[in-house]
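Below you'll find the structure, written out as structure tokens, and then a few comments.
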């Protein structure tokens, strides 16, 4: 927890945006939460509860909420964007002319830009220009547990070490550890791919394939992360840390994960539409699976688990057929000799 306070604008009043805004407010930072839904935002501001996404959990009295974006970012020391990946580009464009001079921009969004497959730091840099400090907040963290004050560890990676440290210091506290790094590519890759792989483990558990299968999918899923990391310039140690392995294990095993719950529903025979409707929130893996495989095809590498998830989500194969294909693959060395070189 830092010894000085910042005014922080948190953009996105879903479960994760609300949790991070509450965390920052509890640490003594004047924090404003911005959202589009006027009724929900008004309720948060008046009752200090996000009844839609975090029902029954009291938010700090000091936390303010508004639908006025200009008012939210005015005089902000830095801005934290926490919107779904499909809304990220638009949100960055909206804040570009409103951002106070010198204010850095961080985000806790996980995924790629839909359509282009670009990393989110590439999108932000393209829109905001070369001089704005940027950082990505990622790691194994369920919003509900953070809001309840349960122990959590995350990591902040940025292209400006001083700004990454500012963000980490503001978040760090008695039950919330915030580390720092400078591998934005690796941090964003881990945060995106774990959502796809969580669907795979959810499907396996929904089909009651056992704990051995789950462990195998997590481990081989990590291998796929490392394989893609090796060809796009990410560092393997980033994927072996909180941004990769940590987030992967949590999302693949914790039933608070929307992506795991999607897989569970598909493994039990539900349709994709019914499963998404039942979850009732954005499920990033549906779009991210396409972008992951676009990256893999561009670089000429195989990601069999991710590809099977993509095919199941598109209705091209059944979960049973996907499992059969994975088990029938030719055996190879567990790790290529070039993976860590």
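Placement of Cβ uses the backbone N, Cα and C atoms for every residue, glycine included.
What Swiss-Prot lists as NADPH binding site is 15, 16, 36, 110, 143, 258, 282, 284, and the listing cites sequence analysis. Under the three-state DSSP scheme, residue 16 (NADPH binding site) falls in the helix class. If you take the C-beta of residue 16 (NADPH binding site) and look for same-chain residues 6 or more apart in sequence within under 8 angstroms, you find 82, 108, 141, 143.
If you look up Swiss-Prot, you'll see 110, 139, 141, 194, 247, 257, 258, 259 marked as sn-glycerol 3-phosphate binding site, on the strength of sequence analysis. Around the Cβ of residue 139 (sn-glycerol 3-phosphate binding site), the number of neighbouring Cβ atoms within 10 Å comes to 24. A coil conformation is recorded for residue 139 (sn-glycerol 3-phosphate binding site) in the three-state DSSP classification, outside any helix or strand.
Positions annotated as active site, proton acceptor by Swiss-Prot: 194. All protein chains considered, the CB of residue 194 (sn-glycerol 3-phosphate binding site) has 32 other CB atoms within 10 Å. The DSSP secondary structure for residue 194 (sn-glycerol 3-phosphate binding site) is helix.
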What count of other C-beta atoms do you get within 10 angstroms of the C-beta of residue 259 (sn-glycerol 3-phosphate binding site), across all chains shown?
26
For residue 247 (sn-glycerol 3-phosphate binding site), the one of 15, 36, 110, 258, 282 that lies nearest, given that the binding-site residues are compared by Cα:
110
Give the distance between the Cα atoms of residue 15 (NADPH binding site) and residue 257 (sn-glycerol 3-phosphate binding site), rounded to the nearest whole Å.
12
Inter-residue Cα distance where the pair is residue 139 (sn-glycerol 3-phosphate binding site) and residue 36 (NADPH binding site), in Å:
26
Length of the line joining the Cα atoms of residue 284 (NADPH binding site) and residue 194 (sn-glycerol 3-phosphate binding site), in Å:
10
